[in-house]
Amino acid sequence: MVSQMISCLSKSPSLLCISGSRSLTPPKTYNRGGLNRFSPGFASQRLSTVIRKKWRSSCIFNSGKETGGEGKLQGGSLEWPILERWEVPWGWQTVSLTSLACVLSFVLTGLTEMAALPYLGIDAEKLSLDEKAEILFLDQGITTAVILAVIFTVAKTSEPLPEDILRYDLKQPFNLQKGWLVWGGIGLAAAVGGIALTGVALSLFSTETPEREVDSLMQLLPLIGSSNISTLSLVGITGILAPLLEETVFRGFFMVSLTKWVPTPIAIIISSAAFALAHLTPGEFPQLFILGSVLGLTYAQTRNLITPMVIHGLWNSGVILLLTFLQVQGYDIKELLQGS
């Protein structure tokens with residue numbers, strides 16, 4: 001018996017040895033030499049058979065797979081879905097028309113708001129900094145609501161959707177494979193490191209600061225650190241509303257839709273390029289592309305839009321809070337940005 005157990009254990013770390021299980025090893029009937037219950041040697045042979053059945057060991061091999069799924073162990077699933085495609089329920093016509101509708105919604109919403117201000121008796125040039133920050137927050141909120149309405153209206157026509165499409169789930173934040181907080185932290189660290197290395201690499205080949213990059217940052221400088229209301233408005237815009245809108249559009253809809261025709265890594269690259277181009281800052285394209293790639297990879301792993309939203313929100317709001325801190329400490333942010 002001991003030798004049999006050692007033999008079983010030596011074959012695989014996933015062996016389960018069960019002794020004396022009649023259900024696994026049904027008894028066999030032996031009839032050697034025509035013996036029956038009335039034969040002289042029957043009793044001794046019967047006793048030998050019982051002893052053999054009693055100490056028989058049955059070894060069950062567990063390869064780490066369970067019925068109905070692959071790669072699952074008793075401690076949980078070891079599946080890493082980062083390369084898997086989504087089951088997209090719509091076709092290219094829907095993707096094209098929805099993308100066009102999102103662009104038109106963005107443009108028309110902005111034009112409508114600009115045209116509505118004079119009718120409301122609002123003179124943008126006479127507004128205080130706090131009022132400008134509040135209007136920016138309202139503008140971003142309206143734009144986010146309109147475009148999300150377009151996305152979810154289109155998605156509603158394909159219900160029931162697969163559970164991993166347009167999913168916002170706060171459950172299991174610390175799960176190793178799909179925890180939004182775990183992968184949010186990993187993604188944020190990767191984004192910071194990747195963007196820093198990209199900046200260093202670019203500085204080796206260029207000595208000029210892209211003017212458009214400086215201009216895009218300068219537009220926010222009057223509001224940064226001017227008051228608590230302005231700071232909260234900017235954090236709300238960059239840390240909550242913008243990530244909600246952009247991650248739903250670029251990752252939740254566009255990237256997912258692309259996986260119907262191309263592998264997930266290619267979809268991540270294409271959506272990251274579109275994400276960088278949409279910001280209309282050519283000087284920041286490499287950094288935005290790196291950020292978009294990290295957002296796409298973490299979303300592909302967790303299948304949860306909360307993950308890239310956390311990374312995106314912490315990145316944006318972190319920049320605003322850092323600039324606010326430097327402003328309060330008396331640093332000339334404009335000079336720092338122009339010299340960076």
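Along the chain as shown, residues are numbered 1 onward.
Keep in mind that glycine also has a Cβ here, set from the backbone N, Cα and C atoms.
Automatic prediction, not curation, is the source of TrEMBL annotations.
Per TrEMBL, the features are:
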type: TRANSMEM; residues: 90-112; note: transmembrane segment
type: TRANSMEM; residues: 133-155; note: transmembrane segment
type: TRANSMEM; residues: 180-205; note: transmembrane segment
type: TRANSMEM; residues: 217-241; note: transmembrane segment
type: DOMAIN; residues: 231-317; note: domain 'CAAX prenyl protease 2/Lysostaphin resistance protein A-like'
type: TRANSMEM; residues: 261-278; note: transmembrane segment
type: TRANSMEM; residues: 306-326; note: transmembrane segment
Which of 133-155, 261-278, 306-326 contacts the transmembrane segment (180-205) most, counting Cβ pairs under 8 Å:
306-326
Here the mean pLDDT of the domain 'CAAX prenyl protease 2/Lysostaphin resistance protein A-like' (231-317) is 96
